[in-house]
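> Checked Swiss-Prot, it gives:
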type    : residues                       : note
BINDING : CYS400, CYS403, CYS406, CYS455 : [4Fe-4S] cluster 1 binding site
BINDING : CYS410, CYS444, CYS448, CYS451 : [4Fe-4S] cluster 2 binding site
DOMAIN  : 388-420                        : domain '4Fe-4S ferredoxin-type 1'
DOMAIN  : 435-465                        : domain '4Fe-4S ferredoxin-type 2'
SIGNAL  : 1-43                           : signal peptide
Amino acid sequence: MSKFHKTISRRDFMKGLGLAGAGIGAVAASAPVFHDIDELVSSEANSTKDQPWYVKHREHFDPTITVDWDIFDRYDGYQHKGVYEGPPDAPFTSWGNRLQVRMSGEEQKKRILAAKKERFPGWDGGLHGRGDQRADALFYAVTQPFPGSGEEGHGLFQPYPDQPGKFYARWGLYGPPHDSAPPDGSVPKWEGTPEDNFLMLRAAAKYFGAGGVGALNLADPKCKKLIYKKAQPMTLGKGTYSEIGGPGMIDAKIYPKVPDHAVPINFKEADYSYYNDAEWVIPTKCESIFTFTLPQPQELNKRTGGIAGAGSYTVYKDFARVGTLVQMFIKYLGYHALYWPIGWGPGGCFTTFDGQGEQGRTGAAIHWKFGSSQRGSERVITDLPIAPTPPIDAGMFEFCKTCYICRDVCVSGGVHQEDEPTWDSGNWWNVQGYLGYRTDWSGCHNQCGMCQSSCPFTYLGLENASLVHKIVKGVVANTTVFNSFFTNMEKALGYGDLTMENSNWWKEEGPIYGFDPGT
């Protein structure tokens, strides 16, 4: 079959968009030369980062947000619990103790539901505020243990003791022993270049189900500042045991009970990671962090607060699955793999520094491919040498300065209100030392998600997106001249319009796992 090519100039390109004139020079000066449309659409930045030409790479630890590394430091609040439980030095008590800094769950839920009924007249939230019985059934299905698992969970995964619907890797940070390991417990180390190792992990992680991947150099002092100062060892309930072992996989041990309070995370020379009542140690020989994100089902996401919750919880369950599979893969190569879904540090922070996205107005990261409809980055700390991936500039951070869609739909008013980024949010639970967008997370509730759903970048990569949408991304990445115009077009065309209407979703044959293959 012959491939059709049509030669077209940049000016003709922009004329087709109706944008010829001011700003052409800005785009032309920074864009590479393409002979035809096919070359532009199919081009990639390089072999290790499957990103299009307009996603520009920056220097390591120099993202589009401005960071003052003299001020920026490790966050004292662990697992984001500072938002829910009071001052950063407060001991871990329970997930229910959130009244110190945010209203109770029921009160907040009523507030969110009232706002949605006002925004969507005639909508009936049903028994639990998600819609009809089908919506509740879908949510129930994805928040239960895996089929046939009973109360103890299934295989490598198990429900959180006090967080219904969320799963963790039940063998803890190190993963379980493996039946195919050599009898003596030793595994020869895989020998590969850091670049080849990254490509290998990317292939494996995407096969397991990851959406995007990245890597960071933990040996860099700046990278260490992304790790929490303290945490509760393991993502388990307080006072429980966890079986962990070294990279040989056969030599598993029963370690002490998990402390019921946060302990410092320290970097020390050690053969294995360990913890006790005084500290938790990460071996300094573990100099790489492999990261991955998972996209959320876009059509579910648009039905904010309805069946959208099922899409969100599906991703949390998959985090445990994909993360543990990546962990096991690295272990059988003969290396340590310390997997902790949310415990190493703020997820959006890693996504911003590892080149998978840029910080957006919501304070969370916007993925260059999946937009705001993604979760991560998940992190696996390892001594396998991995080439780090640099931060990117795709124009998204700048775009958010003139796009207020997520701010306008936010029920709690927590999304960054000012036009420009700021150094200080005034909230003690936000990390200081960077010029970025600040969100008051204390008002958020898991029955919402409007900011993610309404983000224009979430829908620019859908299957039914036209060639124009791909060009829009290229223009946004190279000039800010048309940002306001594109925002107005987004509002007019309604790609990210929110809805509480679920009936059509039940009648349509959706893509596998709800992910649009166009992404």
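Quick reminder: no glycine exception, Cβ is built from N, Cα and C everywhere.
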> Hey, of CYS400, CYS403, CYS406, which of those binding-site residues are within 10 Å of CYS451 ([4Fe-4S] cluster 2 binding site), Cα to Cα?
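Checking Cα-Cα distances against CYS451 ([4Fe-4S] cluster 2 binding site), the binding-site residues within 10 Å turn out to be CYS406.
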> Centre the Cβ atoms of CYS400, CYS403, CYS406, CYS455, go out 8 Å, and tell me which other residues of that chain have a Cβ in range of the [4Fe-4S] cluster 1 site.
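These residues sit around the [4Fe-4S] cluster 1 site: GLY360, ARG361, THR362, ILE366, SER372, PHE399, TYR404, ILE405, ARG407, CYS451, SER454, PRO456, PHE457.
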> Take the C-alpha atoms of CYS444 ([4Fe-4S] cluster 2 binding site) and CYS406 ([4Fe-4S] cluster 1 binding site) and report the distance between them in angstrom, rounded.
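Each residue's Cα considered, CYS444 ([4Fe-4S] cluster 2 binding site) and CYS406 ([4Fe-4S] cluster 1 binding site) end up 13 Å apart.
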> Mean pLDDT for the domain '4Fe-4S ferredoxin-type 2' (435-465), rounded to an integer?
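The answer is 74, the mean pLDDT of the model over that range.
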> Distance between CYS448 ([4Fe-4S] cluster 2 binding site) and CYS455 ([4Fe-4S] cluster 1 binding site) at the Cα atoms, whole Å?
14
> What Cα-Cα separation, expressed in whole Å, is found between CYS403 ([4Fe-4S] cluster 1 binding site) and CYS410 ([4Fe-4S] cluster 2 binding site)?
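Cα-Cα, rounded: 13 Å.
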> In whole Å, note down how far the CA of CYS455 ([4Fe-4S] cluster 1 binding site) lies from the CA of CYS410 ([4Fe-4S] cluster 2 binding site).
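That comes out at 12 Å between the alpha carbons.
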> Which of the three DSSP-derived classes (helix, strand, coil) applies to CYS455 ([4Fe-4S] cluster 1 binding site)?
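Reduced to three states, the DSSP call for CYS455 ([4Fe-4S] cluster 1 binding site) is coil.
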> With DSSP, how much of the domain '4Fe-4S ferredoxin-type 1' (388-420) is helix, how much strand and how much coil, in residues?
9 helix, 2 strand, 22 coil
